[in-house]
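A.B. asks: Below you will find the structure I want to go over with you.
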Amino acid sequence: MNTGGRLIAGSHNRNEFVLINADESARIRSVEELSGQICQICGDEIELSDDGESFVACNECAFPVCRPCYEYERREGNQACPQCKTRYKRIKGSPRVVGDEEDDGIDDLDFEFDYRSGLGSEQVFDTFSRRDSEFDLASVAHGSQVPMLTYGEEEDDISSDRHALIVSPSPGHAHRFHQAPFADHAAHPRPMVPQKDLAVYGYGSVAWKDRMEEWKRKQNEKFEVVKHDRDSTVVDGDGDDAEIPMMDEGRQPLSRKIRIKSSKINPYRMLIVIRLVILGLFFHYRILHPVNDAYALWLISVICEIWFAVSWVLDQFPKWYPIERETYLDRLSLRYEKEGKPSQLAGVDVFVSTVDPLKEPPLITANTVLSILAVDYPVDRVACYVSDDGAAMLTFEALSETAEFARKWVPFCKKYNIEPRAPEWYFCHKMDYLKNKVHPAFVRERRAMKRDYEEFKVKINALVATAQKVPEEGWTMQDGTPWPGNNVRDHPGMIQVFLGSNGVLDVENNELPRLVYVSREKRPGFDHHKKAGAMNSLIRVSGVLSNAPYLLNVDCDHYINNSKALREAMCFMMDPQSGKKICYVQFPQRFDGIDKHDRYSNRNVVFFDINMKGLDGLQGPIYVGTGCVFRRQALYGFDAPKKKKTPRMTCNCWPKWCLFCCGLGKNRKTKTTDKKKKNKETSKQIHALENIEEGTINAVKSPEAAQLKLEKKFGQSPVFVASAGMENGGLASNASPATLLREAIQVISCGYEDKTEWGKEIGWIYGSVTEDILTGFKMHSHGWRSVYCTPKIPAFKGSAPINLSDRLHQVLRWALGSVEIFLSRHCPIWYGYGGGLKCLERLSYINSVVYPWTSIPLLVYCSLPAICLLTGKFIVPEISNYASILFMALFASIAATGILEMQWGKVGIDDWWRNEQFWVIGGVSAHLFALFQGLLKVLAGVDTNFTVTSKAADDGEFSDLYLFKWTSLLIPPTTLLIVNVIGVVVGISDAISNGYDSWGPLFGRLFFALWVILHLYPFLKGLLGKQDRMPTIIIVWSILLASILTLLWVRINPFVAKGGPILEICGLDCL
């Protein structure tokens, strides 16, 4: 090879030649080509050692690392293998570092370059000239002495192995290498360029410096940490608490499962099995020991108890594998955010739905929107869509004011790391807002911001006051045009982009997330499907305007309480190992403004902290309607990606005789499957031949047929259909904003969903007022799994109805949706088999649609104590010792199961007991009415509504708790309460009149009746109110029904004997 006068350098450590100033094609490659291994750090080939084998840095896992990277890692890094974390041992020929073990014998480092002591000149030549036949060095001049690149001066920071070997310019020694002189050489060479820095000559090779800088740059890009603003406890600390993560921290999983401790879960599972055995023995006793003198009561009670047992099984076994989860937000930043580069976090479209601004105050909706716009997430990756399904101009104007106030609020939150980022809750919470705040301008800016927010509230309140009286001609906009939504049931679709376009920036000239107002078209004669239809319209609008791969939906009264909530969800969704099969991440619902004792179990702690954790260990929690991050592709009805099955190693783990006996059936199956595959392949070949014969006509038709199929599924918008096929989101680069807005108006038209699969297989599923359960069930049936995320700081918080009537009305709507699902084709009892739904997950869905039917046996069972007390009979015969043991064991197992659930679910006994009480209250009222209403709606087509009218409430804290609203839902539990109280009075009176012997049988009946009264006690407090008041209508209806039932039973079975009173001669002369 002709060098052309260019410098050739060699490196002893790397066994390579380097042609300086040469192009890559002329560069001599490393001897590592013989081994074929590449360094996993710098990307270069790994050289061969002197014995002809590849260099191995780690003897534990043999992770491929070249020698220079190995020595650099020992000298400058953590001195450990990047893969197995084992500390590198010193390899012969490498310099010592701090921590090396003392070696016996002579240190070979002292003789590393003394080839005269161990190697002859021929050996040196063989080491560095393994491919010398490729070189043509005849033109190199002869006779000059090779200088050392360090100019003979030993530097303190340059070790003895940092010398370079240069080809001698002697033509007679064209294939010989000379050793560079050492520091004690007599001659002191004169440098050619004295002012040149010594570091430019490299480390062992002239090209080493460039290569090392390139390697450092790659490592910095790969593992650079972007430090985000943390909460005040971290940001305003000493600044030294943030540990530098390991170099491979970004490669670790973004989340992990935390199993419940075996000391808690194993006794819990054992107790469930024991309780099943006790239930079996209990029913064996109950069925074999009927009560002959009260056979009807006995039979009814046994039927009710069997139903309760089945209901308990449906509720209990989905909690068999409870788990918790933990996320790593720092790893998410390491993986997807690099300094100096755009964030690689996925986009998120946030949906906020509202209908009536008079029932859902605009100020609450504005706080929800402000918390979304101020979320800790890249602004170009967040878009907020507000659905106004009531087409109210009040909502439109309030959102316009919100967008203007967001220009001040968002930079204030991000500058001082405010939590929570809903201003109403931030300013009203009683907390030390100066804790860990060190910025001198914080107090001044906080006061100014609070004043601005109060002015903002005044503007919103003024809009609400103005909207109370609607003009006869309707509302008009600022330019004088009529408001398109004056007719709520007949108006066109409306879209307004408030933020994220037209260069709207905040007060600090930073970009803001996109804020879009959407009101879908409504026309008479169309079924708009309530909230589910509105959410599907938002899916399509967002798919046209932003098309983020993930969606978050929240109710208008649920604000983001934790600004890192989206990052928490992305730790699951964007995990490269397990994120592909996750359809949604559900967060628990937490509430503000609930009284301390939570009288009506509004927090629903047992469901969110026990049931949902149990479901998370199966296929995932059910969708609860808000606070949920979806994968857009899952909502589009696509199946979950299937996991590739690893081939079975039966031939290595089973003996041959076992394979011979048991493998015949498998062989037959494999043969049949092979035949099917062959038939499919032949059919494909036949179709291919037909296509070839038909020529280019099918080539034109096939794309059109595919497009027609997609349009039949997603609708007639080509822009939306194209966006639906983008798994990672994004928009077409050639689409103009005007075109996108026209398409967005088209996809929210009332007839867009006709003859499509929207509401059937795509988006939120229609057919129930509780579209959330149905939507989650469909996704799980497609093989997806969901995740339950419970961060330490609640991700979302909202408001809940805390008075009795509103709470019952809310439960009524949930139960009505479950009845509708039960009576539809999507009932989990018979739908979804053959898909990806697991058995225990199916049990949980069956329980979610069957529970309203429990209201009938529950109502009957709660009436039995009063009937027994009034008639003097009981549902159980005389209790023997065996029966008493059974009853005691049953009650003990129920109590122990509850205690263990509270232990691993971290639920207090107050919350657990309130849940038990409201299960009875809701079961005999809201669930019962929902059952009859659902039957009338589905079977007879009669849509009945139970209206709620308000009554004035007391002022003060938690005044809504004492607000009473009349509703027919209150009649059944009030009647039960009165009847059982009357039964207790009658039973005690009868025992007093009949003497001592009647007290024994009375205790069982009294215990039963007091159990019912104790469960209905919160309902009684709700009726009495704060000042022990009860509406007259409640008293009239309840007394009337209780009197009718009491007189009826007295007439049928009075306390006196049927033959009339028994008269005995007392012996007294009364005359």
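Residue numbers in this text run from 1 along the chain shown.
Even glycines carry a Cβ here, placed using N, Cα and C.
In case it helps, TrEMBL gives these features for our protein:
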- Asp389: active site (ACT_SITE)
- Asp772: active site (ACT_SITE)
- Ser353, Lys359, Glu360, Asp389, Lys530: UDP-alpha-D-glucose binding site (BINDING)
- Lys531, Asp555: Mn(2+) binding site (BINDING)
- 39-85: domain 'RING-type' (DOMAIN)
- 268-288: transmembrane segment (TRANSMEM)
- 295-314: transmembrane segment (TRANSMEM)
- 850-870: transmembrane segment (TRANSMEM)
- 882-900: transmembrane segment (TRANSMEM)
- 920-940: transmembrane segment (TRANSMEM)
- 961-982: transmembrane segment (TRANSMEM)
- 1002-1020: transmembrane segment (TRANSMEM)
- 1032-1052: transmembrane segment (TRANSMEM)
A.B. asks: Using DSSP, how many residues in the domain 'RING-type' (39-85) fall into helix, strand and coil?
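C.D. replies: The breakdown for the domain 'RING-type' (39-85) reads 10 helix, 4 strand, 33 coil.
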A.B. asks: Could you round the CA separation between Lys531 (Mn(2+) binding site) and Ser353 (UDP-alpha-D-glucose binding site) to a whole angstrom and send it over?
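C.D. replies: Approximately 8 Å lies between the Cα of Lys531 (Mn(2+) binding site) and that of Ser353 (UDP-alpha-D-glucose binding site).
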A.B. asks: Taking the Cα of Asp555 (Mn(2+) binding site) as the centre, which of the recorded positions listed as Ser353, Lys359, Asp389, Lys530 lie within 10 Å of it?
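C.D. replies: Of Ser353, Lys359, Asp389, Lys530, within range: Ser353.
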A.B. asks: Which one of these recorded positions, Glu360, Asp389, Asp555, Asp772, has the sparsest Cβ neighbourhood, judged by other Cβ atoms within 10 angstroms?
C.D. replies: Glu360
A.B. asks: Just counting, how many other CB atoms are there within 10 A of the CB of Lys531 (Mn(2+) binding site)?
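C.D. replies: Its Cβ has 20 other Cβ atoms within 10 Å.
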A.B. asks: Could you state the CA-to-CA distance between Lys530 (UDP-alpha-D-glucose binding site) and Asp389 (active site) to the nearest Å?
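C.D. replies: Each residue's Cα considered, Lys530 (UDP-alpha-D-glucose binding site) and Asp389 (active site) end up 8 Å apart.
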A.B. asks: Highest CB neighbour count within 10 A among the binding-site residues Lys359, Lys530?
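C.D. replies: Of Lys359, Lys530, the one with the most crowded Cβ is Lys530.
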A.B. asks: Report the listed stretch (268-288, 295-314, 882-900, 920-940) having the maximum count of Cβ pairs within less than 8 Å of the transmembrane segment (850-870).
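C.D. replies: If we count Cβ pairs closer than 8 Å to the transmembrane segment (850-870), 920-940 scores highest.
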A.B. asks: Which whole-number value in Å describes the distance between the Cα atoms of Asp772 (active site) and Lys359 (UDP-alpha-D-glucose binding site)?
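C.D. replies: The Cα atom of Asp772 (active site) is 22 Å away from the Cα atom of Lys359 (UDP-alpha-D-glucose binding site).
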A.B. asks: I want the residues beyond Ser353, Lys359, Glu360, Asp389, Lys530 whose C-beta is within 8 angstroms of the mean position of the UDP-alpha-D-glucose site's C-beta atoms, in chain order.
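C.D. replies: Once Ser353, Lys359, Glu360, Asp389, Lys530 are set aside, the remaining close residues are Thr354, Val355, Asp356, Gly390, Lys531, Ala534, Cys556.
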A.B. asks: Given a Cβ distance threshold of under 8 angstroms, which distant residues of the chain, six or more beyond its ends, lie next to the transmembrane segment (882-900)?
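C.D. replies: Beyond its ends, the transmembrane segment (882-900) has Cβ neighbours at 264, 267-268, 271-272, 274-275, 278-279, 281-282, 285, 289, 316, 876, 912.
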A.B. asks: Do any of Ser353, Lys359, Glu360 (binding-site residues) have a CA within 10 A of Asp389 (active site), and if so which?
C.D. replies: Ser353
A.B. asks: Across all chains shown, how many C-beta atoms besides its own are within 10 angstroms of the C-beta of Ser353 (UDP-alpha-D-glucose binding site)?
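C.D. replies: I get 22 for this one.
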A.B. asks: What whole-number value in Å do you get for the largest C-alpha pair distance within Ser353, Lys359, Glu360, Asp389, Lys530, the residues recorded as binding UDP-alpha-D-glucose?
C.D. replies: 16
